[in-house]
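Quick notes on the structure that follows.
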């Protein structure tokens, strides 16, 4: 499909950016496991999503294996972990929607979340295996584009759910932002800074999937209409942007003031880490915002909203 040098270029791009994302995702996982105060229900959802991101990044680091068992393993792992991460992003959107709009706690739904976030991708990953659809697709192994059933699997099991989740996330965050603004305006109370910061981030969350998967979608559309004429630069852009999803999820969902504060406290007790503490230290106004939010007794604050900040 591509020349040897083109394959090497795709592998180098995928491995390089995957390694960058890998360490970012690993930071979130280590933070959750290290600091008990971070083990809230909401941050637990970020942890579960990060585990899926880590698996997807591991599959990218396998490069471009030839046909065989390793190729099928890469394709299956990639399909499972990528879809799982996307589903977890929708579950986070649903949780915040329930907390802010419905004023309902979602902690009791954890078992259902786990079944949905980790269970459904199992089915979607194994179906192509039963039809021998995992093969080398250009720069890595995934679902074949030369089979009719492979094309069906691609859109039914991945790209269909992907863009459905993008639309669902955007809708949930729109309703959440609207409810938060109405909640404070109806009470005649100024919205605390931390809630304003949350609203700004709400607008970014759906964009992560759009940024990371638009080029991949365009590439797969081109594959569907012209399977014998792959476009190398589309593969380059797909490889680059999909490798960044773990890092962008880490920055948007995970590296929040409460996480940085935990690392500051931990590093403060270690010698010769003062320079790093200064880099990570949370601004004083974050603490002021926390106190401000706690003092608003006349506003019925969203369930779990604080733990999402």
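Each residue, glycine too, has its Cβ placed from N, Cα and C.
Unlike curated entries, TrEMBL annotations are predicted automatically.
A quick note: this is a predicted structure, and the numbers were derived from the prediction, not measured.
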Looking at 233-255, 256-278, I want to know which stretch TrEMBL calls transmembrane segment. 233-255
Where else in the chain does the transmembrane segment (83-101) make close Cβ contacts, counting only residues six or more beyond its ends and a cut-off under 8 Å? 41-42, 45-46, 48-49, 52-53, 55-56, 113, 116-118, 120-121, 124-125, 157-158, 161-162, 165, 168-169, 172-173, 175-176, 179-180, 183, 202, 205-206, 208-209, 245-246, 249, 253, 302-305, 308
Which range wins on Cβ pairs under 8 Å with the transmembrane segment (12-35): 42-63, 152-174, 233-255? 233-255
